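Visitor: Annotations for this protein, taken from Swiss-Prot, read as follows:
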type	residues	note
TOPO_DOM	1-90	topological domain 'Lumenal'
COMPBIAS	1-10	compositional bias 'Polar residues'
REGION	1-28	region 'Disordered'
COMPBIAS	12-24	compositional bias 'Low complexity'
CARBOHYD	N27	N-linked glycosylation site
CARBOHYD	N61	N-linked glycosylation site
TRANSMEM	91-111	transmembrane segment
TOPO_DOM	112-117	topological domain 'Cytoplasmic'
TRANSMEM	118-138	transmembrane segment
TOPO_DOM	139-155	topological domain 'Lumenal'
REGION	147-256	region 'VTT domain'
TRANSMEM	156-178	transmembrane segment
TOPO_DOM	179-232	topological domain 'Cytoplasmic'
TRANSMEM	233-253	transmembrane segment
TOPO_DOM	254-271	topological domain 'Lumenal'
TRANSMEM	272-292	transmembrane segment
TOPO_DOM	293-414	topological domain 'Cytoplasmic'
REGION	317-336	region 'Disordered'
REGION	360-414	region 'Disordered'
Amino acid sequence: MPADYTSTARALSLPTSPSESLSPADNDSYPPWSHLASGRSNPAHPSERPTLWKQVTHRLNETSQRMMAIWRRLSFWQKVGAAAAALLANLLGIGFLVFTGKVFIWLGPVAEQWEQSVVAYTVLWLCVFFVSFPPLVGWSTFGTISGYIFGVWKGWFLYASATVLGSTCSFVVSRTILSKFVNRMMERDKRFAALALTLKYDGLKLLCMIRLCPLPYSVCNGAVSTFPTVQPLMYGLATAIVTPKLLVPAFVGSRIRLLSEKGEEMSAGSKAVNIISIIVTVAIGIFTGWYIYKRTMARAKELEAQERADIRRSLQADHADRRPHHSFSEDPDVNTAATTLARDEEERLGFHDFDDDNVDLAIDDESGGENSPRLQSGGPYRDEFTDNDSDDVFKNGDGGEGETYGLHTHVRKS
């Protein structure tokens, strides 16, 4: 009866057990984009851009967690060595500050005499020049001393000229010494190769931004020299363009001398103006360096994304047409960097796994005789069986003792 059939079908369609919530393991079985879609469709959590304070605290928390994870992985003696190194660095920093203060106290009586001395000017210029080579330090201190002895403009010219020439020479020497290291990095490190490409196509602008960043001076000279796409003249030009920032230490040095020589004669207001000018100048320099650093990192990531997109399109086009990848640039340094990124992109796209259509079966006669199928055909052996071939492939046995064959797979280049 139809009525009984309908009621029976409805009864069978009911669940035999109450519905249960999915376990975490069941949730993990769903594809990841389903979670993303549900997250986007939830109106209870509107997307809001985090404030600067939240970004800073989040970054500090991430850094502290990363440092704690590294610390927990260290052995006992590694922890002892790390603690000793941190203590030594703090002691050296305090000692350097004390030494710098003693230098200005010692320079007080002789600053007026040395201001017109050519020998003092030359010696200080050479000091700035030589601290350009890593791992020497004291570049900022010499800039302040230049302003302390020779005033703002004369001290700035000394500081700027020695900085430009010193950084260029340091760049050339570091590149010569670190050439083997550069080659290894270009072939193995995809991040290094990406930054090398960004410096090639947006070189001068990005170099100027790097020179404005608050990075260790001599170490920066050696680090940038490892990028083969940066030329020495371009690096020297970028350093010369940003020399106006060197007015900051020269100005601070001149204000320190003014306060030390005429501090007793100044009124409280004049002292306050000079001290505030020093603080404001230093604060502007720090803020500018931090801002430029953030912009530099953002620009580097943007250029790297563009380079990767171009390489990805080239790889996809070559793979679709089944043709080999040609060189990316006539410049060998650029081509090496692009090839390193191309290998990384191939792994991401899955092109490193060759399909069966690109694999040929070749049987090479290891005896090297004239009857080798490879020698007769002039290329790899390919199976060309047809439906009409009904011979038993096992009827001839294993063959003679001298007929030994090697089985290899060859990947077609075309």
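The backbone N, Cα and C atoms fix where each Cβ goes, glycine too.
Mind running through what each feature is packed against?
Guide: Restricting the average to the topological domain 'Lumenal' (1-90) gives a pLDDT of 63.
Every protein chain shown contributes to the tally, and the Cβ of N61 (N-linked glycosylation site) ends up with 10 other Cβ atoms within 10 Å. Following the DSSP three-state reduction, the secondary structure of N61 (N-linked glycosylation site) is helix.
Long-range contacts of the topological domain 'Cytoplasmic' (112-117) within the same chain: residues 149-151, each at least 6 residues beyond the stretch ends and with a Cβ under 8 Å from a Cβ of the stretch.
Sequence-distant contacts of the transmembrane segment (118-138) (same chain, six or more residues past either end, CB-CB distance under 8 Å): 96, 145-146, 149-150, 158-159, 161-163, 165-167, 169-170, 173-174, 216-219, 221-222.
Sequence-remote contacts of a segment are chain residues at least 6 beyond its ends whose Cβ falls under 8 Å from one of its Cβ atoms, and for the transmembrane segment (156-178) they are 121, 124-126, 128-134, 139, 142-143, 146-147, 150, 217-218, 221-222, 224-226, 228, 232-233, 235-236, 239-240, 243, 246-247, 249-250.
Nonlocal intrachain contacts for the transmembrane segment (233-253), taken as residues 6+ away from its ends with a CB within less than 8 angstroms of a stretch CB, comprise 140, 143-149, 151-153, 155-156, 159-160, 163-165, 167-168, 171, 203-204, 207-208, 210-212, 224-225, 277-278, 281-282, 284-285, 288.
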Visitor: Using DSSP, tally how many residues of the topological domain 'Lumenal' (139-155) sit in helix, strand and coil.
Guide: 16 helix, 0 strand, 1 coil
Visitor: Provide the three-state DSSP residue tally for the topological domain 'Cytoplasmic' (112-117): helix first, then strand, then coil.
Guide: 3 helix, 0 strand, 3 coil
